[in-house]
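TrEMBL annotations:
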- A:1-25: signal peptide (SIGNAL)
- A:Ala174, A:Asp288, A:Thr292: Mg(2+) binding site (BINDING)
Amino acid sequence: MAKFKTVVMTSVFIVFLLCGCESKAEPNVSDDISMTRDVFAMDTFMNMKAYGSNAEKALSEAEKRVYSLENELSVTSESSDIWSINHSQGEAVTICDDTAKLVNKAIEIGDKTNGALDITLYPVLKEWGFTGEEYKIPEQSVLNELLSYVDYSKIDIEGNTIIVPEKAEIDLGAVAKGYTGDEIMKIFKENGVKSAIVSLGGNVQALGSKPDGSDWKVAVRNPFSPDTDMCVITISDKAVITSGNYERFFTDDNGNRYWHILDPADGRPADNGLVSVTVIGDCGLDCDALSTALFVEGYENTKDFLRNNDGYDLILVTDDNIIFYTEGLIESFSNISDMEAEVIKLD
Amino acid sequence: MTKSVKVLLVSVLLLFIGSVIAVIIIVRKPKGTYVEIVQNNEIIYSFDLSEEKNRTFRIAGQQGGWNEVRIEDGKISITDADCPDHTCVKAGVLRSENIPIVCLPHKLVIRFADKEQK
């Protein structure tokens, strides 16, 4: 009978053990609770999610910061620094620290990428109608006339004083959202948030990792089918920022597509072999500026850039449907599209 | 082996198989069907798409305007709106957990509900 009891007890024990697989350990309940906030600003949809007991306060402060940055950096708001610069007729203008920082960064990335990023392209962008809803294809002669005022190297910036030549106009659209991501992360940290993720119109930036310690999964859109994802990468404490030809574009009567990322060389949509560039790095501002610049640079020049600059990982999609990604992503990259994916070889 | 031991072993085995099946059913509970409609950070509708009847309804914007939402065969989309760009209508049915349907002018978002959030 003793044997019988042993069998019963052992069996019951095993069953309990197996059932125990479902129960979850919850070490700290408040760290596991997330709060989310939608923000409609900078002409885009932003979603922020933060974990922990300070999440709500952090989200509210971050939301305020987004609106204040929008007021400083918007090209269309009459109270913004950018408006003052664009209506200064060549006179010196005093700007706030954020604007100065972004202008300096844009100049730095322009210099690093053979002028592929040029914040003085704004008049050309307006001519194409990418700043409003009425798109049009400008005559090349009109573009050439406008391009004669495009040259970011003529911007004179010293501390908080900037002089932009007469007839030149700037726009920080290529860097503003990346910087906004950095500033949100800063506010989250100041509020003791250890785990958060934001999406600013598709640009993703994460603070720390998920509350359970695992990495965040971030999907990158398929440029050929923008309502689906093409790959997933796992990250922590990083920004993942994409520039693609699908974000804002129009098509003419013959089905030709014209997109909003313009090549400063000819003032036309940049068409150098890449349809999507994703930059992954620590600093959202750098990643944002680079995603635009490298989109304009094209595949070969982007390889040159990688040879001379480290600290970034890239996912490129070429116009012949191939995904190229950097070696640093081998562990974290998974292709969920029907495109081929290859590692970029630099030698 | 006595008869009672055999009965016990069989019943333990059945219990075991039963619990395995139960675990599988719990784990495989269909995901990605809980959807919320959020207007300027306020959840105005939330439902399980797999249990919703086919229907079309209008959502009035807080500052005027409207969006027409359709639920059909477990899928949700915005079928019409009076906003200028119609980005929300062009987005089609909600597919991805990462890509919500958004109407910027009306501050309206349709997305799969976060499982982690109550």
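Each Cβ is built from the backbone N, Cα and C atoms, and glycine gets one as well.
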Beyond the site residues A:Ala174, A:Asp288, A:Thr292: chain residues whose C-beta lies within 8 Å of the centroid, for Mg(2+): A:Leu117, A:Gly173, A:Val175, A:Lys177, A:Gly178, A:Ile241, A:Ser243, A:Ala289, A:Leu290, A:Ser291, A:Ala293
C-beta crowding around A:Asp288 (Mg(2+) binding site), within 10 angstroms: 34
Cβ-Cβ distance under 8 Å to A:Thr292 (Mg(2+) binding site), same chain, at least six residues away: A:Ala116, A:Leu117, A:Ala174, A:Ser243, A:Ile261, A:Val277
Mapped DSSP class for A:Thr292 (Mg(2+) binding site), helix or strand or coil: helix
A:Ala174 (Mg(2+) binding site) in three-state DSSP notation: coil
Cβ packing number for A:Ala174 (Mg(2+) binding site), 10 Å threshold: 23
